[in-house]
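Have a look at the structure below before the remarks.
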Amino acid sequence: MSDASEKLAQSVLSRSVGIVEPKTARFSEPLALDCGRSLPSYELVYETYGQLNDEGSNAVLICHALSGDHHAAGFHAETDRKPGWWDSAIGPGKPIDTDRFFVVCLNNLGGCKGSTGPLSVDPASGKPYGPDFPIVTVKDWVHAQYRLMQYLGLSGWAAVIGGSLGGMQVLQWSITYPDAVAHAVVIAAAPRLSAQNIAFNEVARQAIITDPEFYGGRYADHNALPRRGLMLARMLGHITYLSDDAMRAKFGRELRAGQVQYGFDVEFQVESYLRYQGTSFVDRFDANTYLLMTKALDYFDPAQASNDDLVAALAEVKAHFLVVSFTSDWRFSPERSREIVRALLASGKQVSYAEIESNHGHDAFLMTIPYYHRVLAGYMANIDFASTPRGVSSPVYSTGGAV
């Protein structure tokens with residue numbers, strides 16, 4: 001990390017939103033899903049930061065990536081070792097300034113951090129859904145997020161923001177609910193996955209599914225966990241999130257013991273790092289959820305319904321766009337972001353594009369990179385609430401209460 005980045009990281013930690021408390025919205029109206037099934041009822045766990053203005057025109061939705069959740073900023077307790085996953089960007093005086101915006105982040109359906117997913121009880125059976133939880137898509141998530149928006153009494157968002165899989169949700173929001181999105185910020189994303197990215201996801205899924213402790217997804221019934229499979233899936237994913245330059249700078253060919261051991265145990269520092277990332281992930285994530293999230297990635301293709309024409313798919317979009325990519329991101333390369341930009345321009349939309357110099361790879365969207373934060377802060381500061389959706393009302397959907 002450069003001196004500038006280190007100073008920025010220290011500065012943002014001192015400007016936290018503080019202690020935050022997750023909330024749960026309960027919905028009793030069925031949600032029809034793309035797969036043909038429906039959820040008869042469901043819960044969404046979310047957090048909010050900042051204050052909603054009187055006009056209801058300053059709300060911002062944050063969409064999380066594959067392993068993310070609702071806890072985007074602040075701390076749940078004073079003893080927490082780390083803040084939320086995007087605390088560097090959300091808070092007083094930060095790029096997504098909570099002195100100005102009312103920020104909402106939720107755990108998506110199929111998640112494992114409180115929203116309805118494989119770990120939740122299926123009302124039909126009285127047992128956890130497990131592998132019987134329906135396949136969910138990015139469009140399904142956006143429909144559920146729209147209901148949460150209405151539950152909160154909002155008529156729309158000043159901005160919808162997300163990185164990676166979160167950026168795909170932003171793109172889907174702008175297409176599915178064009179009147180509800182004033183600004184769309186798509187970071188390190190793509191209009192659909194390449195064959196290579198689908199292949200990475202399939203290898204990860206096979207690592208989980210072929211683990212003897214997976215039991216067809218019913219590992220809870222056997223008091224088991226597919227630890228090795230989920231660990232391998234995370235190790236593979238983590239390699240794709242980093243760049244060769246970042247791995248060379250951080251690990252090189254360093255040996256843990258200082259000399260070659262001529263064996264198959266961990267010898268190189270990069271091996272140790274990947275195993276740590278894999279084993280720690282197993283303790284905080286669910287294997288069935290991981291399978292669902294990767295499938296949502298694979299299925300995302302908003303142009304498909306428009307004869308594979310992304311320009312046509314974007315025809316009704318009304319949002320202004322900021323699209324951001326990172327030079328060393330090979331999972332979703334800058335060219336994939338430029339595809340989105342070209343399609344937006346061809347459909348006559350307003351779009352700003354920034355390609356950020358970084359050696360952090362795909363994970364750069366989570367980093368405190370000074371120029372990246374200036375771009376994001378500058379864009380957000382120029383949002384005019386006079387042109388954003390406004391209106392605060394009571395909930396449209398029957399929610400069955402919330403805590």
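A Cβ is built for glycine as well, from the same backbone N, Cα and C atoms used for every other residue.
Per Swiss-Prot, the features are:
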type	residues	note
ACT_SITE	S164	active site, nucleophile
ACT_SITE	D329	active site
ACT_SITE	H362	active site
BINDING	R234, D363	substrate binding site
DOMAIN	58-366	domain 'AB hydrolase-1'
SITE	R331	site 'Important for acyl-CoA specificity'
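Distribution of Swiss-Prot features across the structure.
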residue: S164; record: active site, nucleophile; Cβ contacts under 8 Å, 6 or more apart: A65, L66, I187, A188, A189, R331, F332, H362, F365
residue: R234; record: substrate binding site; Cβ contacts under 8 Å, 6 or more apart: Q277, G278, F281, V282, F285
residue: D329; record: active site; Cβ contacts under 8 Å, 6 or more apart: A188, S243, S358, G361, H362, A364
residue: D363; record: substrate binding site; Cβ contacts under 8 Å, 6 or more apart: Y241, L242
Which value does the mean pLDDT take for the domain 'AB hydrolase-1' (58-366) in this predicted structure?
97
